[in-house]
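Notes to accompany the following structure.
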Amino acid sequence: MKQRAAVLGTGQTHHKAKRQDVSMAGLLREAIDRAMADAQVGWDDIDAVVIGKAPDLFEGVMMPELYLADALGATGKPLLRVHTAGSVGGSTSIVAASLVQSGEHRRVLTVAYEKQSESNAMWALSIPIPFNMPVGAGAGGYFAPHVRSYIRRSGAPEVVGAMVAAKDRRNGSLNPYAHLQQSDITVEQVQASQMLWDPIRYDETCPSSDGACAMVIGDEASGDAAAEGVAWIHATSMRTEPTTFAGRDQVNPQAGRDAATQLWRDAGITDPLSEVDAAEIYVPFSWFEPMWLENLGFTAEGEGWKLTESGETALGGQLPVNPSGGVLCSNPIGASGMLRMSEAAKQVMGKAGDYQVDSARKAVGHAYGGGSQYFALWLVGAEKPE
Amino acid sequence: MSRVSVVGFAQSDCVRQTPGTTNGVEMLVPTLAEAFERTGLSKSDIGFWCSGSSDYLAGRAFSFISAVDAIGAFPPINESHVEMDAAWALYEAWVKIRTGEVDTALVYGFGKSSAGTLRRVLSLQTDPYTVAPLWPDSISIAALQARLGLESGRWSEKDMAEVAARSLADARDNPQAQRSGDVSVADLLDAPLTADPLRAHDIAPITDGASVIILAAEDRARDIVSRPAAITGIEHRVDSPVLGARDLTRSPSTEMAGAALDVKDIDVAELHAPFTHQELILRGALGLGDDVRISPSGGALAGNPMFSAGLSRIGEAARRVMAGDADRALAHATSGPALQQNLVAVMEAQQ
Amino acid sequence: MTTEAPPLSEPLEIQFDYTRSLGPVLGRFMTGLAERRIEGVRGSDGRVHVPPVEYDPVTAAPLSEFVEVGQEGTVLTWSWCADPVAGQPIQRPFAWALIQLDGADTALLHAVDVDSPERIRTGMRVRVRWADEPVGHIRDIAYFAPADAPDDQPPPPMSPAPPAAEDDGIMITPIKLGYDHTVSPEESRYLRALGEGKLIGQRCPKCEKVYLPPRGACPTDGVPTTTEVELPDTGIVTTFCIVNVPFLGQQITPPYVVAYILLDGADIAFLHLVRGCDADEVRMGMRVRAHWRPREEWVTSMRNIAHFEPTGEPDAPYESYAHHL
């Protein structure tokens, strides 16, 4: 049967556009060393390593975990490499958790990263494929039409996208690791920024970051023995659907709804909005906050923007969303999902510093990837699950 | 802790070049159908899906995403993917079943090795600062390893040729093999060196292919097939990437994985050895004696579809257990330059 | 009776000059190479690693004690590369070798320039041959030669030297790979029909949805799509964006409208361009028609349709396409 598991410690890099001061291994170790210090474990305590990142083409290294084995302290240990597109940081966390939940290991190190400055993600995602129209314009070009669909379907006022961006950027200024630090950005400034992929404006998009995130996940005994608070993993879920198919709902994908339904069921949550204290949701373009609020079941369909507009997703609101600043402040692609998972954990561990949500007991971490088709979710709590 | 069993296996033909796409759909659709037919299951019976493949093999980011078209993944599925040989996807699925969350899983791997220049693409698996910029091809790296063993007396060219001759002879009974034949060791040794000290017969062919395994929790497995292959243990380890700091004539990661398992009384071992000398290293690392039947499928030398060849070794070993040809079987998968990463599984007939 | 032509295939090339930031250990090593000096790093067990490793292979601890080593060394093992591939240091038959430099405890992988496999052996002494213009890159070691080879021996043909980086602590690694990109038999039939100005979709035998382009398998049913359906070149815009952002590798000059086009009779939309009106006039539900390139330019590609343009007909009501969003 499933064993209990807990996040014992988390760590992340200072995310920047170009971390030219470190190699890839050095970037990973910055996050790993912090996570292991936070968890108060040494290399001998680690039974296995699970690493995740987005496409190998971003760094030009095929299966970089092979070359990284020594730097990850993985030599002589089991090493797994997960790749599920943009959700990879989330699914990597879940795979690492399952190694403990299955009873296979006591303590697992998990890490995810992207070093975007080694190449150019827009290039890698828009390589012209023979016979195809060269209409690809990176992730923004892919998602902007679906944002337009959301606005049309929900009737949301245009200001909502700007409100999310201004909120997340101000949150990010409370997070010393965040790439963008914009403590005094206003909604009006966001609205005045350049339209990149109409209807998405410059300030409503995520930056391109170098960064890494790591966690140590341990079994029940390790969680019990921890000196400081740990984040107990109450439930995890993953779902996938094809990129395109006839009748696919690309605004509110079934895979995301199914993943959320399972998560709430397994975590024993009947009313997510009142029972969850903080949410770290994968929002690379600001409009995805209301879209995912609906997809995750925090609000009814078409109502997500109202929660945002009311201010209830800001720090101090009913459901603070991305108190860390989220993907809109730091986007080391492969690590972004794990950052969501670890920031949720930090909230219930009481280690979120200046962006700590008061008395957060339950928090959700969310990641998605591909064409809104891969979803990974976890719910963590300050108390042990039933 | 409940055990997990292999209940179904299917693989595509191993071919030098498939006319299909790099996303593997054309190879996967019939292979998935065959695996379902053999188990009587359908996609709605599968609790978890996990695949293994490589973007660099296909030459494009997110190449694995199109492969889910082969599944018909709607309603949405509980799914994951490793950028590794699908043997490690099987490991992830095995773990998932052992958490108790699901009681069945389908694992698949695919690769179109012929799309690019395989030996050159694989050089990108080496250290990106001090090694990969030299583009050391995978065959040259394996040849460095072979010479170390030859000159230290750990194996001979004849030992290597014997591996090739036995593999090709065994592959005559494998209708999906890419290479097979009746060749004498003497004739093989008369052939020229193609990558001194390697000859053509020492090197696995370039292969396109796909394979599928279905797993089930032990108590569920019995309802699916009469004689499931229960996985009694599965372990994997990785070695240092530094070729010049490793003893390349050994495989410490295989030794460690084997030491964590009970590898006694093995009838059949399917070893993933893309080069003849690597089989010799693996047999030593796992302590497999002359009484163990090695790679009766013909092994990787008869067909080495990248990213599914390791999974196929597990499938071939399981198939022999399920068919009653073996009571206990071992399977091995490898990844990375010169046997850097290795996985070992032991299966026995579920009574 | 006609025989089906093989699936269409075209070369796919991916090329990028990766900018690798090196960090303190590799940075010092590469800087040394630019100054024709080879430095290793001492591991926790006292071994000197050349090339240096950033983290100890035994303890995973960061390493920082540098040790300069010799420029001559001993071949520990070698293999013969009879048919070099692009990018390998020497572009004629040569030997790969693991070379233990004097003073080092681990071996470096590099190329050795000898005429034939008869001219190299394990235990042979070899010496570094430096690139003419070192830039702080592993290829500053151009190759190795037998230690007793004369200094004035002409160099072998070599791969182009890597470019120098503009910033310190960076090395540039060009990666260029070529692939055969093949499309499925279904998509090949569709592309060949496009070459004749026809839009041929396929109907899934199970769900009966019409896919254009056709897929190798129906994404919801996992079965091959078989029945062909010819579609008109008219349809609607379901949703769209206006691309204003320039980026590396872009093939169309911004601003331009990228829209999901749902052809009349199709059950799935595809991305294409909309022109023939101002970008801010494009609407969800707008009726459009294909604007084909001149017939003599037609190839087996969706590029035969230059773009879609408004027909001037009334917009489709939102309800008629809401389920395609």
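Cβ from N, Cα, C; glycine included.
The domain 'ChsH2 C-terminal OB-fold' annotation in TrEMBL covers C:67-130 (among others).
Listed as Cβ neighbours of the domain 'ChsH2 rubredoxin-like zinc ribbon' (C:193-223) (distance under 8 Å, sequence separation of 6 or more from its ends, same chain) are residues 184-187, 229-233, 263, 265-268, 270, 290, 292, 295, 298-302, 304. The feature domain 'ChsH2 rubredoxin-like zinc ribbon' is assigned by TrEMBL to C:193-223.
Residues annotated as domain 'ChsH2 C-terminal OB-fold' in TrEMBL: C:228-293 (among others).
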Per-residue pLDDT averaged over the domain 'ChsH2 C-terminal OB-fold' (C:228-293), given as an integer: 92
Structural state census, the domain 'ChsH2 C-terminal OB-fold' (C:228-293) (DSSP three-state): 3 helix, 33 strand, 30 coil
Secondary structure composition of the domain 'ChsH2 rubredoxin-like zinc ribbon' (C:193-223) [DSSP: H/G/I, E/B, coil]: 2 helix, 7 strand, 22 coil
